[in-house]
Amino acid sequence: MNISANCLFSGSSLASEVHAAAVNGDKSTLLKLIAGNSELKDKEDQFGRTPLMYCVLADRVDCAEALLKAGADVNRADRSRRTALHLAAQKGNYRFMKLLLARRGNWMQKDLEGMTPLHLTTRHKSPKCLALLLKHMAPGEVDTQDRNKQTALHWSAYYNNPEHVKLLIKHDSNIGIPDIEGKIPLHWAANNKDPSAIHTVKCILEAAPTESLLNWQDYEGRTPLHFAVADGNVAVVDVLTSYEGCNVTSYDNLFRTPLHWAALLGHAQIVHLLLERNKFGTIPSDSQGATPLHYAAQSNFAETVEVFLKHPSVKDDSDLEGRTSFMWAAGKGSDNVIRTMLDLKLDIDINMTDKYAGTALHAAALSGHVSTVKLLLERNAQVDALDVMKHTPLFRACEMGHKEVIQTLIKGGARVDLVDQDGHSPLHWAALGGNADVCQILIENKINPNVQDYAGRTPLQCAAYGGYINCMVVLLENNADPNIQDKEGRTALHWLCNNGYLDAIKLLLGFDAFPNHMENSEERYTPLDYALLGEHHEVIQFMLEHGALSIAAIQDIAAFKIQAVYKGYKVRKAFQERKNLLMKHEQLRKDAAAKKREEESKRKEASLQKGMQNMEQNKFQVQLSTAVREKTASTLQLSNKQTDLQNKRPLSVSASQIQLGRNSRGSPKACRSKGSPKESCLSSELQSEGHNIRQELLRKHIKSKPSCVHFHCGKVKEVTKVEAKHQVAAATELNGEKHKEHAVEANGTSAHGNRRHASACGTAGAGEKTRDQSLSSSGNRGHCEGTSVVVCNVSCAGGIARNSKRCEAVPKSKRHQQKSRHKEVNYERCSPAGSSRPGSAKVVFVNTRNATVCAIEHANNVGNHELAKKTSPLLSTETESTGTGPRNPAACSALDDSLNLEKTGEVGSRSAGDQLCSVAWQSTNIELIPLEIRMQIIEKERTRKELFRKKNYAATVIQRTWRSYRLRQELSQLLSAKRQRKEDEDKWRQETAAFLIQVAWKKQLNHSPQKSVPSCKSLKSVNKTSSAIKTSKQSILKQIYGRSQEGRVYQPARPPSKLKLSDVQLVSANNLQYVNLLENVGKSKQFSYNMRPSTAAKSKSTRLEH
């Protein structure tokens, strides 16, 4: 002690020398120092201690007495508020305590912890110091409490000093004072593992053996029995439970009884003791519904469990979650308890489920106890049992990452392809826990790495959510797809950018993850948007370097493309609406024309019937006059005529045969009969009989309305009707004049004219045949697609004058003039306005005759034919065999003409008196059409051409716009290729140069608008053989609306390109903006939907500049 003191205080100040002298017991030096300076007797060191305190600590009684004689302060306190008496009581130094108490030391002084010297004296086994203090203390001062509200009796019980307890109780210390935790001295006495604590407990209980003292609960509800059981002190438990007032099943604040504590700590003897002394006979449960057996089972105390199971009052009840003690044992891996319970309780159900349908195997797998799992599988536990979440034990093991348990379960037959109620597979749970080894095991057992749950999330997305990069590496190496989107449109990259896992983002982009997937929400966020919202600056920079786009940038790009597509859509829609409107108008016009034709036909039919009645009256008058002339003739002439009639019958037969043969050869252009007239050769009886037959046939003919008009295809147009009307009018006037001349010549003709009848008719037939052929060829050259009307015409005059060659043979010059007129009409004729196909005009050739005269001649010929059939059976037989009978050509032609004109509405109504003349056939000139009607036709044609020109122009603009859009798309692909292939700059330059050369070679920079040349000017010199129009390449719209009316749109020849290959500069992407890639620069804007009006000036074509 002296050596240490010398070392401590060597080289120190004078005060330190005083303290050193006190410690060393150097009384002479101490007195010398005090004599030199009286203040040194109470000098404090760095701890606030005086030389007197050091004398107590060093047990230097002589020095202490010297200091006290020198006037040292006995109650001086140090920094911890302790005096020399505190130090003497703490050391249990009886002499110093007696010395200090004699010098009036304060025994009630409290230190910083509120302890008095009385509290400190309880630490020692000897009660002498305690007894010395109790002699100086008043009766009420013995229960002084420290800062923890503990008295000297608390400390005596804590230190297990039964003598101190007895001494304090003798001095009236209160045994029921609780401390700051609510504990009384009996709690501290019972909370001791030493068996000798039984004496302290007995001392306290002997002082007051009350029930309230035995069952006193601290602030946590624990009784002295709880503490005794917790320390495993069987003797103290035995003492406490020996009192009848002790409650063995008292609850603490956790609803645990002393029996729960004994089971939890595995005190089998205490358990047995408590079970035996339980007066209620029931096993209480804690706040979770667990019995003491649950506690013993989870702690793997097989002996304690055996004690419980063997006691008759114990049952394996379930807790509040429906778990039995067997499940608790499985969850804690208590294999010994499980074996004990399976051996002792044969009726135990190993697959019993709890409230959530979990089994003991679920609990063991969740906790990762491999041995327990093996034990349960050996005892036939169900390996794929499902709980309410549809989780098997494998799910629980994958969630917690217990690799060995997973392997054990898979070997035991667990299925890896099951999913829970959310669609999560075991791989999902392994990825959520970041267990890379478990993921590898599951993938090796053939689980799909891209399996999706009901929300569309993959295991890769689950791993990305937690940023488990090791787990992501395993999944990606096993072909996990990083671009799969869940139902909300999010990918694994969305989760990584949201949480700012830069290393995982680098890994994912290295496996070709697309950086611009948009979610399906209203905001349509991309991974870059999530990084921006989270303010992860490093992630933002990295994503931008790898081509990531925000939703705002994507919307700008999409808006540009949508606008381009929408413009095209508007053009197509407007075009379709215009087309539908035109078609609707065309249909309405056709319906109106058809209705008008129907009304005209009905009106003309009524007028025809009225005309036929007038014609029949005139016919009777003519027959009456003829009968009077025949009666005045002599009987000799009658016999001669009969003889001549018999001689001419073979000629009639032959003529009919010739006519039939001509018809069979396929040229039925006119219905002819070469037989001579029958009126002058018959008797009065035959004439009367023929008159009756003709009357009947005429009525039938009027009812049946036969027609020789042949319809090929289509319908007759309104313009054709107008031409036909004027042709009929002109032809009627000319025929009227010629009819008078033929009538004069016919009256002067004798029997010699009758002998020339055959030759004249043959000549006329040949002339008409030639004329019909020319008309048919001229019709073919016109390319008429509508209705071609061929009218049976006869050039012979009516009555006996039909034999004249002048009436039948038409001069060649006149026929040539007629052909030229037809050609002129055909070529100058345009399709009607509103027609859907150009060149669809219908050409109609009309030949008219006097309807009244033709009808009379037809009735006479029919009657004569009936008489001929009776007189000549051979003729009738041959005629019936061929299916056609010889008819009077003039009558047939005139009647057919009149019926055709009435049916088609092409001949105007005329009075019966104006149509009594029959003349040779003549074509109608277009000059005969009134000027007003011609102007209407021309105006309609102009309107139709203008409409077609607009359609053609719209189609051209749409095609040009589409081609320019394709060029812009190729250019954008080249620009994006540059950003993606920075390392291959030369290859990109080559592709760019090739693209520019292609544009300069194939596309024309200086465009002029296409103008169609009118066909009316270009077709004046077209001949018959070259009238067919060659079809050109048409656009889709031209194919829909047909070719142009002229048949061909003449396009100006494309000038040779002014650009040369040497002029093309291999420029970078920044110079591409100076290249004019659009065909229709400045022209597409002239359309109705574009930016400027069509009257704006045309933009000049741009050239490539170096």
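Cβ from N, Cα, C; glycine included.
The region 'Disordered' annotation in Swiss-Prot covers 589-615 (among others). Remark: secondary structure over the region 'Disordered' (589-615) totals 27 helix, 0 strand, 0 coil, with classes taken from DSSP.
The annotation region 'Disordered' is assigned in Swiss-Prot to 636-688 (among others).
The region 'Disordered' annotation in Swiss-Prot covers 746-782 (among others).
Sequence annotations record features per position, and here Swiss-Prot assigns region 'Disordered' to 809-833 (among others).
What Swiss-Prot lists as repeat 'ANK 5' is 148-177. Predicted-model confidence for the repeat 'ANK 5' (148-177) is 92, expressed as mean pLDDT.
For the repeat 'ANK 12' (389-418), the list of distant contacts is 356, 359, 361-362, 364-370, 373-374, 377, 383, 424-427, 429-430, 432-435, 437-438, 441-442, 445-447: same-chain residues at least six beyond its ends, Cβ to Cβ under 8 Å. Taken from Swiss-Prot, the feature repeat 'ANK 12' applies to 389-418.
Residues 489, 491, 493-494, 496-500, 502, 505-506, 509, 515-517, 979-980 of the same chain sit 6 or more residues outside the repeat 'ANK 16' (523-553) yet have a Cβ under 8 Å from a Cβ within it. The repeat 'ANK 16' annotation in Swiss-Prot covers 523-553.
Under the heading motif 'D-box 1', Swiss-Prot lists 490-498. For the motif 'D-box 1' (490-498), the list of distant contacts is 458, 460-461, 463-465, 467, 472, 482-484, 504-505, 508-509, 513-515, 517, 519, 525, 527-528, 530-531, 533-534, 536, 539, 543: same-chain residues at least six beyond its ends, Cβ to Cβ under 8 Å.
Taken from Swiss-Prot, the feature motif 'D-box 2' applies to 944-952.
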